[in-house]
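Listed in Swiss-Prot for this protein:
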type	residues	note
ACT_SITE	Cys80	active site, nucleophile
ACT_SITE	His172	active site
ACT_SITE	Glu174	active site
BINDING	Ser226, Gly227, Gly228, Val229, Asp230, Ser231, Thr232	ATP binding site
DOMAIN	3-198	domain 'Glutamine amidotransferase type-1'
DOMAIN	199-386	domain 'GMPS ATP-PPase'
Amino acid sequence: MQSVLVLDFGSQYTQLIARRIRELNIYSEILPYNTPADTIRTHQPKAIILSGGPNSVYDQTAFMPDPAIFSLGIPVLGICYGLQAIAKHFGGVVASSNKHEFGRSKILVEQQGDNPLFQNIPNSDVWMSHGDKVMQLPEGFRATASSDNSEICAFESTGVNSPAHIYGLQFHPEVQHTLYGKEMLGNFLLNIAAITPDWSSKSFIEHQIEEIRRKAGNNTVICGISGGVDSTVAAVLVSKAIGKQLHCVFVDNGLLRKNEAEKVMHFLKPLGLHITLADSSDLFLKRLKGVASPEKKRKIIGRTFIQVFEEQIHHEKFLVQGTLYPDVIESISVKGPSETIKSHHNVGGLPKRMKLKLIEPLRELFKDEVRAVGRELGIPEDILMRHPFPGPGLAVRVLGSLTHERLEILREADEIYIEELQASGLYSKVWQAFAVLLPVQSVGVMGDKRTYENVLALRAVESSDGMTADWAPLPHDFLARVSNRIINEVRGINRVAYDISSKPPATIEWE
């Protein structure tokens with residue numbers, strides 16, 4: 001399978017570059033900006049893309065790629081900072097510009113001579129995000145596009161006193177605001193690099209089945225399954241590879257949505273998985289009694305989950321995890337692991353403690369690709385399009401201390417909210433939606449009597465990957481209907497609010 005390497009210089013758009021490449025049915029990987037050329041050679045890429053970044057190439061601490069990558073004979077495309085890094089390396093002049101360019105800008109494409117990167121692309125709007133610019137081209141390079149504020153918006157090497165097939169774009173072709181960005185990437189990858197677009201869900205599945213069989217051999221494998229998209233797709237893919245060697249465990253921690261355990265077991269049954277239901281709800285709730293701190297809740301739930309999961313491990317040698325590519329990128333990127341905002345509840349501590357070897361069949365995929373693989377595997381759409389649900393469950397949606405009564409209040413209210421979203425055709429239009437029971441009571445009037453009851457918040461967000469999110473502008477009449485139903489049908493709530501915070505600065509979940 002032919003591939004492209006994206007070297008990460010710290011751009012907020014690096015993952016987007018990789019995703020745009022995959023949309024062209026070409027496999028892409030992200031590596032740190034300083035990956036040695038010898039390492040790159042072992043990957044045998046057909047092209048290299050240098051991402052943007054927040055730094056200036058003329059700073060003493062500027063990030064620069066291994067110079068030897070330009071001698072590999074592989075086409076290279078620099079984007080924004082990547083263009084400037086190429087210009088500096090080959091002797092061009094890069095400096096701070098008096099006129100910064102941020103947002104939309106119109107470029108003029110050079111029409112004289114051959115211009116393969118801009119083949120069949122007219123003058124058009126692009127997305128700029130730079131304060132520095134190339135003041136003077138290196139020897140052996142020519143400008144191929146310009147804007148009002150930048151005479152050099154794009155360039156290419158001529159192959160005379162410079163290597164062949166080195167290209168640069170000062171703007172961001174990966175961003176949707178660049179009207180012909182996908183076509184530019186297509187020109188570079190399909191025409192200039194002559195890559196065969198052979199990356200697809202089907203080819204991925206075929207490759208992973210071979211890898212899983214090779215890795216697992218005749219050993220038994222265990223998988224914690226939650227009913228969410230990632231764990232379900234991972235389990236079905238592994239099951240397709242090794243069949244009855246896979247043992248799945250669904251842990252009921254007492255913090256699930258209304259009838260969640262029964263629903264999950266019901267819709268997973270037709271998928272042919274061997275699943276054990278471990279009902280440990282009493283144990284979880286006993287240990288969480290009186291605990292109000294969200295971080296303490298997460299830690300208790302995490303430790304208890306490991307204990308319960310450990311009891312289900314017998315002779316298994318491997319553990320399946322639904323790790324996705326953004327998790328992998330986070331650990332190897334130029335920025336390194338981000339500051340921990342919340343501790344994450346998963347079974348990440350199990351392999352070291354239990355001496356289990358990992359099988360991570362989805363570690364090369366983004367979220368949308370996981371769903372595409374799920375469709376190829378025949379997993380029903382209503383499973384694939386389920387909204388994300390946090391590992392700690394309702395423990396982080398009932399703010400403050402947990403009680404059976406408060407959990408039941410939230411379950412009833414949340415079910416009404418989701419039911420109305422589905423009935424209105426809105427469920428599939430938002431990334432995630434849920435209710436939150438606040439540790440606040442308010443005065444109300446019901447039946448001419450004073451009430452002093454709980455406040456509930458409704459949350460719905462729009463996102464593509466959960467890394468950033470905007471609050472969803474749900475119709476007012478819809479919110480009024482949901483609020484009216486909850487207050488009338490759920491005993492213990494007399495006020496409903498709607499959360500209009502985006503991420504950042506807020507997180508999607510409240511705790």
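If you go along the chain as it appears here, the first residue is 1 and each next one adds 1.
Backbone N, Cα and C atoms are what each Cβ position is placed from, and that goes for glycine too.
If you take the CA of the residue listed as 'active site, nucleophile' and look 10 A around it, the recorded positions you hit from His172, Glu174, Gly227, Val229, Asp230, Thr232 are His172. Of all the recorded positions listed (Glu174, Asp230), Glu174 sits in the most crowded Cβ setting, with the most other Cβ atoms within 10 Å. Candidate binding-site residues: Gly228, Val229, Thr232. Nearest to His172 (active site) by Cα distance: Val229. Cβ packing within 10 Å was compared across the binding-site residues Ser226, Thr232, and the lowest neighbour count falls to Ser226. Long-range Cβ proximity for Gly228 (ATP binding site), meaning a same-chain Cβ under 8 A and a gap of 6 or more residues, is found for Gly322, Arg386, Pro388, Phe389. Counting every protein chain shown, the number of other Cβ atoms lying within 10 Å of the Cβ of His172 (active site) is 24. A Cβ within 8 Å of the Cβ centre of Ser226, Gly227, Gly228, Val229, Asp230, Ser231, Thr232, the residues given for ATP, is found for these other residues of the same chain: Ile225, Val233, Ala234, Gly322, Arg386. A distance of 29 Å separates the Cα atom of Ser231 (ATP binding site) from that of Glu174 (active site).
Taking CA atoms as the reference points, Ser226 (ATP binding site) and Glu174 (active site) are 34 Å apart. In the three-state DSSP assignment, the secondary structure recorded for Val229 (ATP binding site) is helix. Around Val229 (ATP binding site), the C-beta neighbours below 8 angstroms that are at least 6 residues distant in the chain are Lys367, Val370, Arg371, Gly374, Ile383, Leu384, Arg386, Pro388. Counting only residues at least six positions away in the same chain, the Cβ atoms of Phe250, Glu260, Lys263, Val264, Phe267, Leu268, Ile383, Arg386, Phe389 sit under 8 Å from the Cβ of Gly227 (ATP binding site). Burial estimate for the recorded positions (Cys80, Ser231): highest at Cys80, by number of other CB atoms within 10 Å. Spacing of Thr232 (ATP binding site) relative to Glu174 (active site) is 30 Å (Cα to Cα, whole number). Across the fold, the C-alpha of Asp230 (ATP binding site) and the C-alpha of Glu174 (active site) stand 26 Å from each other.
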